[in-house]
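Record features (Swiss-Prot):
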REGION    1-42  region 'Disordered'
MOD_RES   5  N6,N6-dimethyllysine
MOD_RES   5  N6,N6,N6-trimethyllysine
MOD_RES   10  N6-methyllysine
MOD_RES   15  N6-acetyllysine
MOD_RES   15  N6,N6-dimethyllysine
MOD_RES   24  N6-methyllysine
MOD_RES   28  N6-methyllysine
MOD_RES   37  N6-acetyllysine
MOD_RES   37  N6,N6-dimethyllysine
MOD_RES   57  N6-acetyllysine
MOD_RES   80  N6-methyllysine
MOD_RES   80  N6,N6,N6-trimethyllysine
């Protein structure tokens, strides 16, 4: 017989609810106005973990193409005006930039974990870059 996954369900039977104090009952019944339902919220970190799994599976570029292209052209203006770029050149630049950033964030996360934290900070990124030899 195959095993099936058990899901949590609300119980219908069981013990009868205990009587509450008058002040507790008044507090609970007072704010009910029109039965407005709160929107569903996930626990902190749940959505972040889901996004991490989704982006680790994907292979598409994460930075939008046109804003990246404008940034490349703006930076290139400082070196030489009227430069032209093939679309494949900008695509190659974007691939390289995203690969670099992903690697940097991985190293930054390792620095934060080493410091017994789960949140990356500016000093983690500075340490990661210094260990890579990019910055003195």
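Including glycine, each Cβ sits where the backbone N, Cα and C put it.
All features noted in Swiss-Prot, drawn onto the structure.
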{"residue": "5", "record": "N6,N6-dimethyllysine", "DSSP (3 states)": "coil"}
{"residue": "37", "record": "N6-acetyllysine", "DSSP (3 states)": "coil"}
{"residue": "57", "record": "N6-acetyllysine", "DSSP (3 states)": "helix"}
{"residue": "80", "record": "N6-methyllysine", "DSSP (3 states)": "coil"}
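Nearest in space to residue 37 (N6-acetyllysine), taking C-alpha to C-alpha distance over the modified residues 5, 57, 80, is 5. Cα to Cα, residue 5 (N6,N6-dimethyllysine) and residue 80 (N6-methyllysine) are separated by 63 Å. A separation of roughly 39 Å, to the nearest angstrom, links the Cα atoms of residue 80 (N6-methyllysine) and residue 57 (N6-acetyllysine). Within the same chain, no residue at least 6 positions away in sequence has its Cβ under 8 Å from that of residue 57 (N6-acetyllysine). Residue density at residue 80 (N6-methyllysine): 7 other Cβ atoms are found within 10 A of its Cβ, drawing on all protein chains shown.
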